Amino acid sequence: MTSAAVLSVSLLLCLALAGAADAENKVGFYELKNKKGDFSIKVTNWGAALVSVIVPDSKGNLDDVVLGYDTTAEYVDSGAVSGAIVGRVANRIANGSFVLDGITYRLNKDGTTVLHGGTRGFYKVIWTVKQHVPGGDSPYITLYYHSFDGEEGFPGALDVYVTYQLSGPHDLRIRMNATALNKATPVNLASHAYWNLAGAGSGDVLGHLVQLHAPRYTPVDSSMIPTGEIAPVAGTPYDLRAPTPLGSRIKLVSGAGMAGFDINYAVQGSGFRRVAYVRDPASGRVLQLWADQPGVQLYTANWLSNVTGKGGKVYGQYGALCLETQGFPDAVHHPNFPSGRPYLLSRLLTVYIHLCSGGVGLDVERYTRESF
C-alpha cells in the first residue's frame with residue numbers, strides 16, 4: 001500500500017482567512033487498533049501527526065509511548081511539530097534560498113534559515129483523510145495534501161500521501177509518497193514523533209539505550225547548518241554503533257548552541273535496512289527502526305520545557321527522543337550529500353517501526369552484535 005499526504009490549496013486559503021479557531025473545527029483524531037486490543041495508535045489530520053502509540057511493557061501493562069496533546073485545539077494552537085509529518089523539506093535550508101536550473105528561489109524563513117518547510121510547513125495544515133480502516137487484520141489510514149506551486153517559496157505543485165498501517169503484533173509502517181506535478185522541486189519528508197518507551201511524561205529518556213547503524217555523521221556549524229563534511233563517528237561522542245545510554249553522552253555533545261543530540265547520521269548501506277535500535281531497561285520495551293532514507297536525525301528534545309501534554313503530564317527537557325529518517329539536511333547546497341540532486345518528480349519513502357517488550361519477537365542479541 002502506498003501512503004501519501006496532501007496539502008489542499010482551498011483548505012490552506014480557508015485556513016489563512018478563517019484563522020486557527022475555524023481550522024480546529026475541521027481537525028479530528030483517528031484511531032487504529034489491532035484485533036488483540038493491546039496495540040493502538042491515534043493520528044490527527046492536523047499535520048498528519050502521530051498522536052499516540054499504546055503498547056505493552058514486559059509485564060503486559062499498556063502505556064502511551066509518544067508525546068502529544070489531548071485535544072485537536074492544542075495541536076492547532078501550539079504550532080508544534082510533535083508527531084507530525086514535516087516538509088516540503090524537513091530539517092534546515094541555509095539562508096532560506098537555493099538555486100535550481102539557474103533560478104534562485106527564496107523561501108519563507110524562520111530567522112536566518114528555513115526549518116521543516118517554512119513558517120507554515122506541512123505540520124501546520126489540514127490534511128484530507130482519504131481512507132480509514134480502524135480495525136481488522138491490517139488497520140490503516142491514508143492522508144493526502146496538495147502543496148501548491150510557490151507555497152513557502154518552493155517551485156511546483158506537489159501531491160503528498162502518507163499512510164499509517166498496523167501490521168504484525170506491534171508493528172507500525174509509515175509510507176510517504178510525494179509526486180511533483182509540473183516542476184522539479186526539493187522533497188524531503190520526515191516523521192517527527194517524540195518517543196519515550198517508559199511512557200510519555202514519565203521523565204527523561206537518558207536511561208534509554210540507543211544504537212544507530214551509522215558509521216558517519218554530518219557536522220554542523222553554530223547555526224545548525226551542515227558544514228558539508230561527512231565525518232566518521234569513531235572517536236567522537238556521536239558514536240552510537242553499540243547500544244549506549246543517552247545520559248552517558250548528553251553532556252559530551254552539548255555546547256556551541258547545542259544542549260544534547262540534534263544531528264544527522266549517515267545510515268549504513270542503501271535501500272530498506274535497519275536504522276536504529278532503542279531499549280528502555282525499566283519497561284523492557286524495544287523499538288526497532290527500519291527505513292529507506294539515507295539519513296536519520298537523532299534529537300533528544302533539548303529545548304522541551306514545562307509543556308503540558310496528554311493526561312495533564314508535563315514534558316520536560318530530554319523527555320523524549322526523535323528518530324527522523326530523512327535526506328541529508330541542506331542537501332540543496334551540498335552536491336556531495338547522498339541525497340544527490342534532491343529534485344525528484346516522485347519519491348516513495350517507507351518507515352517500519354517494530355515495538356516489543358523484553359525482546360519478544362526480536363533477536364536482540366543477534367541484532368545488537370551485528371557489525372556494520
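Each Cβ is built from the backbone N, Cα and C atoms, and glycine gets one as well.
Feature annotations, reproduced from TrEMBL:
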SIGNAL    1-23  signal peptide
BINDING   Asn91, Arg92, His192, Ala193, Tyr194, Asp262  beta-D-galactose binding site
ACT_SITE  His192  active site, proton donor
ACT_SITE  Glu324  active site, proton acceptor
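Straight-line distance linking the Cα atoms of Asp262 (beta-D-galactose binding site) and Glu324 (active site, proton acceptor), rounded to a whole number, equals 10 Å.
Ala193 (beta-D-galactose binding site) and Glu324 (active site, proton acceptor) have their C-alpha atoms 8 Å apart, to the nearest angstrom. A gap of 6 Å separates the Cα atoms of His192 (beta-D-galactose binding site) and Glu324 (active site, proton acceptor). If you take the Cα of Glu324 (active site, proton acceptor) and the Cα of Asn91 (beta-D-galactose binding site), they are about 9 angstrom apart, rounded to a whole number.
Of the listed binding-site residues, namely Arg92, His192, the sparsest CB environment within 10 A is found at Arg92. Look at the Cβ of each of the recorded positions Asp262, Glu324 and count the other Cβ atoms within 10 Å; the largest number goes with Glu324. Among the record's beta-D-galactose binders, Asn91, Arg92, His192, Ala193, Tyr194, Asp262, no two C-alpha atoms are more than 19 Å apart, and one pair sits at exactly that spread.
Sequence-distant neighbours of Asn91 (beta-D-galactose binding site) (same chain, 6+ residues apart, CB-CB distance under 8 A): Leu115, His116, Asn188, Ala190, Asn264, Gln297, Glu324, Gln326, Pro329, Asp330.
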